[in-house]
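Participant: The structure's right below; bear with me while I get my questions together.
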Amino acid sequence: MLLPKPLKYAAIGGGVFVFGILIGWVIFPVILKSQIKKEMALSKKTDLRQMWEKVPFALDFKVYIFNYTNVDEIQKGAKPIVKEIGPYYFEEWKEKVEVEDHEENDTITYKRLDVFHFRPDLSGPGLTGEEVIIMPHLFILAMVATINREKPSMLNVVEKSINGIFDNPKDVFLRVKAMDIMFRGIIINCDRTEFAPKAACTKMKKDAVTGVIYEPNNQFRFSLFGTRNNTVNPDVVTVKRGIKNIMDVGQVVALNGKPQIDIWRDHCNEFQGTDGTVFPPFLTYKDRLQSFSFDLCRSFKAWFQKKTSYKGIKTNRYIANVGDFANDPELQCFCDTPDECLPKGIMDIRKCLKVPMYVSLPHFLETDTSVTNQVKGLTPDPNEHGIIADFEPLSGTLMDAKQRMQYNIKLLRTDKIAIFKDLPDSIVPCFWVHEGILLNKTFVKMLKHQLFIPKRIVGVIRWWMVSFGLIAVLAGVMYHFKDNIMGWAAKGESTTAKVNPEDGSNEQRGVSVIGQDREPPKVTM
């Protein structure tokens, strides 16, 4: 049976409608998801792999140092007053070297190489790195804190060590040029024959203190970042490639061949999350992203905050913080014991750095008031001092990230050492670092061409097909019924006869005759 022409059009429209739905909402998403899985895995010779191995643009590396303005008063127990100096801006170039693939377990091993270049033109107004800053003497404070924890009976010996190595300092503060403490290094004279200084220097070398370079003639050179610059980190990192399971891409599975570290207690030693340079795709607002920080020997969790956008691309913003160790059971394994956990927002990283220091968000953002009230001059701001990361959720591409961390030390009070006996016994800030990444125009354009332009084209096509198909169906059905109605009307008109009252015939012509016209009968009363 042949369909009427309007119904043919309706059938074609219905086919287009169904095809549009299948293409736009079923087939294309499957193809796109499959393509993303292929592109986002760390396969050899892919664009992502090349970018992952050697980031083709510099990251922002900004250092802010706290200058102490009331040193004499602090030595007498007064609350420290600080003034932030910075930023000192450096380009940070990141590369992974000695990269090896392991097909059998879908992993890659590599070592890390960072190179820093100072950019005075992008630093704070007039900052050259030659500014003299007064800050807590990290070495003196660290020596005393370490002995006070391990062998407090030896504090008198430590005082002799300090006087011998640092030439009888009058306080616990360091006067130093900014570039010296950041990269060039300050000299620690360990060329001493006296027992106390020599013993202290021997222990320092044995412990392989972070940030120290050991030079000839028993000269040590200490800096905050100098040992990282243009030096291959000896640690061998193992991560998943994500070829077998894209949701595993970048996941840290071993460090120096060991499946976990041996620093903290319980599950805090586990590698949870990626290496921080690549993340899995298909992110939702329910996901809690995790990455492992090799600098701090721990994993950080980030949670969804809000929808954002970056250069016209829709993104999800995730935020993170240091944590509340005293009240979060999941984090208490970072403490020596649950009873020794520090207040909210501050973490003891002594076991990680082998230096008695603490980390927090800059300016003690989101830190307990018992800590923040001990220092004047801080102005915490979530926008300036928080940890944030904006991801394109479909591909998991990191578009804009700002990792900020402040390093602090304790002004320990003890009667055993003269320059320590009146200190305020508080945790104080030393410096903080902003490490940021902004995906440049080249890679934003690449992402748009590979992902969003095809997605938008298919989006336009699918809605066009659905709209066209729906209109065609409605139009076909409408015209079909219109033709039928008109046909029925025409048929009814052709079978109806006109009755002529002058025609005396009683023949029925297409109508029923009920009766002849006649006068009503007369009724006689």
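Cβ coordinates come from backbone N, Cα and C, glycine included.
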Participant: Looking at the disulfide bonds in Swiss-Prot, identify which of CYS201, CYS268, CYS430 pairs up with CYS333.
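Facilitator: Matching partner in the record: CYS268.
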Participant: Based on what Swiss-Prot records, which one of CYS341, CYS352 is disulphide-bonded to CYS335?
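Facilitator: Among CYS341, CYS352, the cysteine that Swiss-Prot links to CYS335 by a disulfide bond is CYS341.
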Participant: Which cysteine out of CYS201, CYS352 is the one Swiss-Prot pairs with CYS297 in a disulfide?
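Facilitator: So the cysteine paired with CYS297 in Swiss-Prot is CYS352.
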Participant: Look at each of the disulfide-bonded residues, CYS268, CYS297, CYS333, CYS335, CYS341, and point out the one with the fewest other Cβ atoms around it within 10 Å.
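Facilitator: With the disulfide-bonded residues CYS268, CYS297, CYS333, CYS335, CYS341, fewest surrounding Cβ atoms within 10 Å: CYS333.
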Participant: Cβ distance under 8 Å to ASN229 (N-linked glycosylation site), same chain, sequence separation 6 or more: which residues?
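Facilitator: Set apart from ASN229 (N-linked glycosylation site) by at least 6 residues yet with Cβ under 8 Å, we have ASP114, VAL115, PHE116, PHE183.
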Participant: Roughly how many Å separate the Cα of CYS297 (disulfide bond) from that of ASN440 (N-linked glycosylation site), to the nearest whole number?
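Facilitator: Distance (Cα to Cα, whole Å): 30 Å.
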Participant: If you measure from the Cα of CYS333 (disulfide bond), which of the recorded positions ASN67, CYS341, CYS352, ASN440 is the nearest?
Facilitator: CYS341
Participant: Using DSSP reduced to three states, classify ASN67 (N-linked glycosylation site) as helix, strand or coil.
Facilitator: strand
Participant: Between CYS341 (disulfide bond) and CYS352 (disulfide bond), how far is it from one CA atom to the other, in Å?
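Facilitator: Rounded to the nearest whole number, the Cα-Cα distance is 16 Å.
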Participant: Can you tell which of ASN67, ASN105, ASN440 has the most other C-beta atoms within 10 Å, given these are the glycosylation sites?
Facilitator: ASN67
